[in-house]
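Student: In case it helps, TrEMBL gives these features for our protein:
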DOMAIN    30-379  domain 'Orn/DAP/Arg decarboxylase 2 C-terminal'
DOMAIN    45-290  domain 'Orn/DAP/Arg decarboxylase 2 N-terminal'
MOD_RES   LYS60  N6-(pyridoxal phosphate)lysine
BINDING   GLY239, GLU284, PRO285, GLY286, ARG287, TYR381  pyridoxal 5'-phosphate binding site
BINDING   ARG287, ARG323, TYR327, GLU354, TYR381  substrate binding site
ACT_SITE  CYS353  active site, proton donor
Amino acid sequence: MSHFSYRDGVLHADQVALDRVAEQFGTPTYVYSKSALLDNFNAYAQPCAGRDALVCYAMKANSNLAILDLLARQGAGFDIVSGGELLRVLAAGGDPRKVIFSGVGKTVEEMKLALSHQILCFNVESIPELHRLNAVAGEMGVTAPVSLRVNPNVDPKTHPYIATGLKANKFGVAFDDALETYRTAAALPHLEPVGIDCHIGSQLLDDAPLLEALDKLIELIDTLDREGIHLHHLDIGGGIGIAYGEAGESEPVAVGDYIARLFERIDAWRAEKHAGRAIKVIFEPGRSIVGNTGVLLTRVEYLKPGQEKNFCVVDAAMNDLMRPTLYQAWMDVKPVVPRSGAAHTYDVVGPVCESGDWLARERKLAVEQGDLLAVMQAGAYGHTMSSNYNTRGRAAEVIVDGDQVHLVRQRENPADLFKLETLLK
Ligand code: LLP
């Protein structure tokens, strides 16, 4: 069910009219639905009920503290990629013992921070990283739990910028090198190999590549068992993609169906092993937890007819939402209060001084100056990827809870943006 729908001619987030939100908080503003967030989390949590499984929300998709808090209260763990993200989890009251730390470039400081908070696991991506982590853990007199991010070399069939598990990608350890790398990890005195993980890419609409990756991880777990390296968890990486609503786009597989198929394979493997080998399953979904929970609300500043194109200039820009220009991503744009009258074809662009500053191209819209538009499915990789380019303060963020609206991040004002800068004396 969509939490964003028209009622009495106005686009609403649950019971709140978006024109009211714009009036109260200004534009551009990200508007999230709390109930959509909880529904999405439950789509993962419910099929995992009664199983040894953990959903570690990939907070890079949206790391607002209020979102983290709501998810933590549902029992979520977190997939982090920086020390800064760990500090956010702590600030939101999340449990560091449910945190896994991904990323190819973990610094000594980040490792220390994560070890001091006893996170669940480091997803290690290279041999030099194993050595660094071993040294840091040794200095602190602790043992670091590690998992190796293995590159199953499965084609995720997604945009090349967000395919991450191929041989040509910077991520992970090659499948063929994994055994040797585990031997290295097991031989290091301050590391304990506890798991295996992978992440093959994002915005996967089909689960076949994920299940193919699963088979490869299982194969490795068996090989490692024979070596005397017994892993306790299997982390399958990110979640399923979402529907952005583009014409001709294929529907994403239902999360529940994917999880059912995944457990079916895992159960068959465990049954085949007479001891019924135990394994915890970890998921790291990001986009599918927050993507359709949010819209970017923006106001039309000008309509600018051109010789070749018509431009609808809005007050949100590429600095607020990078996805269109960075990935040529198609994102739906809806009028908050649809008007009758002739629709024209527009490129929806922002005020930033780049030709690449567009949010949508070639859209038929009946709009006038001052109208409000909503960029749909903008809850994931929206605000978190925003920047201050052109000294533009980042957008406000609000969460709708039934008929209530809560400001969860103030709009940045220009003075905030240069307060860390100094003049030469
Ligand atoms: N785990 C790891 C190690 C990841 O690198 C990612 C995403 C995830 C989990 C979450 O994947 P998801 O469930 O969201 O598909 N900015 C791009 C997406 C980049 C994804 C990077 N990694 C976009 O806006 O499409």
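Positions of Cβ are set from backbone N, Cα and C atoms, glycine also.
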Student: List only the single closest residue to CYS353 (active site, proton donor), chosen from the recorded positions LYS60, ARG287, TYR327, TYR381 by CA-CA distance.
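Tutor: Minimum Cα distance from CYS353 (active site, proton donor) across LYS60, ARG287, TYR327, TYR381 lands on TYR327.
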Student: If I take every residue in the domain 'Orn/DAP/Arg decarboxylase 2 N-terminal' (45-290) and average their pLDDT values, what number comes out?
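Tutor: The average pLDDT of the model in the domain 'Orn/DAP/Arg decarboxylase 2 N-terminal' (45-290) works out to 95.
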Student: Running a distance check here. Ligand 1 versus the binding-site residues GLY239, PRO285, ARG287, ARG323, GLU354, TYR381: which have CB less than 6 Å from one of its atoms?
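Tutor: Close enough to ligand 1 are GLY239, PRO285, ARG287, ARG323, TYR381.
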Student: For the C-alpha pair, I'd like the distance in angstrom between PRO285 (pyridoxal 5'-phosphate binding site) and the residue listed as 'N6-(pyridoxal phosphate)lysine', rounded off.
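Tutor: If we compare the Cα positions of PRO285 (pyridoxal 5'-phosphate binding site) and the residue listed as 'N6-(pyridoxal phosphate)lysine', the gap is 10 Å.
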Student: Please report the Cα separation of ARG287 (pyridoxal 5'-phosphate binding site) and ARG323 (substrate binding site) in Å, rounded to an integer.
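Tutor: For ARG287 (pyridoxal 5'-phosphate binding site) versus ARG323 (substrate binding site), the Cα atoms are 13 Å apart.
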Student: Let me know the largest Cα to Cα distance in Å among the pyridoxal 5'-phosphate-binding residues GLY239, GLU284, PRO285, GLY286, ARG287, TYR381, as an integer.
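Tutor: About 15 Å separates the two most distant Cα atoms.
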Student: Would you mind checking how many other C-beta atoms are within 10 angstroms of the C-beta on GLY239 (pyridoxal 5'-phosphate binding site)?
Tutor: 29
Student: Round to the nearest Å and give the CA-to-CA distance linking GLU284 (pyridoxal 5'-phosphate binding site) with LYS60 (N6-(pyridoxal phosphate)lysine).
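Tutor: GLU284 (pyridoxal 5'-phosphate binding site) to LYS60 (N6-(pyridoxal phosphate)lysine), Cα-Cα distance: 11 Å.
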Student: Measure between the Cα atoms of every pair in ARG287, ARG323, TYR327, GLU354, TYR381, the residues the record assigns to substrate, and report the largest value in Å, rounded to a whole number.
Tutor: 27
